[in-house]
Amino acid sequence: MRSCLSIVLAAGEGTRMKSSLPKVLHKIAGLPLVCHVIKQIELAGASQLAVVVGAGAQDVTHVVQSFIKSVMIFEQKERLGTAHAVLSARLALQKEVDDVLIVFGDTPLIKQDSLLKVREQLAVGADVVVAGFYASDPTGYGRLLEKNGKLIAIVEEKDASDEEKKISFCNGGILALNGKRALSLLEKVNNYNSKQEYYLTDIVSIASREGLEVQVVEVPFDNIVGINNCFELFEADSLWQKRKARDLMLSGVTILKPETVYFSYDTEIEQGVVIEPNVYFGLGVKVQSGAVIHAFSYLEGAVVGIDAQIGPYAHLRPGTELARSVKIGNFCEVKKAKIGEASKINHLSYIGDAEIGAQTNIGAGTITCNYDGFHKYKIVIGDHAFIGSNSALVSPLMIGNGSYIASGSVITEDVPINSMAFGRARQVTKKDYAAKLRVRLSGNQQKK
């Protein structure tokens, strides 16, 4: 297997984002742009990874090192162009590798297939390989100049002639170099251009003049699209969501209106699941086969068991684990709770820091009072228990198997197995008193 050093350029300021957050840390599907790129690079077989940081260097470094442990970080102190940025990783380039793969950290839709296609050309003898795409409107992109079927140069639009601007074959931003020639080619790049910057793209013309083998590989535009502003971020996120929905549907997931469903990068959904419109999947969600996620539900950090029913209008928060055939109904919020098989929380409830057994029913309006302003406390409810409507369960608390809690109760003490607990004031009924009350109240109103 060929060894590969991949260098990710993540030093740009991203001024057009109009944000204090470094551009590469903006997120698509809950994952920073640069991490999307790193993920695909790993899948494409890179054995070494270097990331060049600049604007927001400390924040970018922290995110990257949290995402992947084995990474070299280099800082570009001055913004002198893309070739200068790559040379900031000189120490990595001095190591002996077969391939050097250079990509931009703001291209989150990049796919391993495109990266592998570029690397394949190095494997068969190319010294320089560029990814290119055909654009219906090439405005803003560098143009690929060919002669006799050979790529001879890349010219940036600001430096292109009127004739060159008519070319629709554009630079896709992925560059691969023969590892033995990479450093020497980079050191030959000069800054003789309108911006006096060291362009990475000049490597193509340098290699061509030296008679080296230069190749171009066509890749789909949606694989290499870059992010420069918040609208482009939205467009890229929308495309990512379409890809995810398509992959899920082809794997056997039914999504009734996919354009209204939002997935995170790590969402796992098994075949046979049905997802109704307007559902949000935050980070860390796994949905097992046969489950139904009804409309307007919000899930994050939750595991949904086989054949479970969620919603509509349900909120599953981090730490939620639902066993087989659990039902979480309308306007219910569940947080950091394990719910046993076939248990039901059907209406208007908050269940937090709890463990509930199998085939237990939680009545409408029940809440767990798990926080005293300083600490969170846990409640444990056994199997086959029945919690009546409008009950307040004050943690810490244990309710035994088969126990029954009367509606409207405030329960503050443990309830043994197969017991019944009342925790409410006794009802007082005054017969025929309503008519007297109306007379008294109407008299008070007339005096005013």
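The backbone N, Cα and C atoms fix where each Cβ goes, glycine too.
Annotated acetyl-CoA-binding residues in Swiss-Prot are Ala364, Asn370, Tyr371, Ser389, Arg424, and among Ser407, Ser442 the one listed with them is Ser407. In the three-state DSSP scheme, Lys23 (UDP-N-acetyl-alpha-D-glucosamine binding site) is classed as helix. Regional average pLDDT for the region 'Pyrophosphorylase' (1-230) in the model is 95. Each residue contributes its Cα atom, and for Gly142 (UDP-N-acetyl-alpha-D-glucosamine binding site) and His347 (active site, proton acceptor) those atoms are 58 Å apart. With respect to their backbone Cα atoms, Tyr371 (acetyl-CoA binding site) and Asn171 (UDP-N-acetyl-alpha-D-glucosamine binding site) stand 57 Å from each other. The DSSP breakdown of the region 'Linker' (231-251), given as helix, strand and coil counts, is 20 helix, 0 strand, 1 coil.
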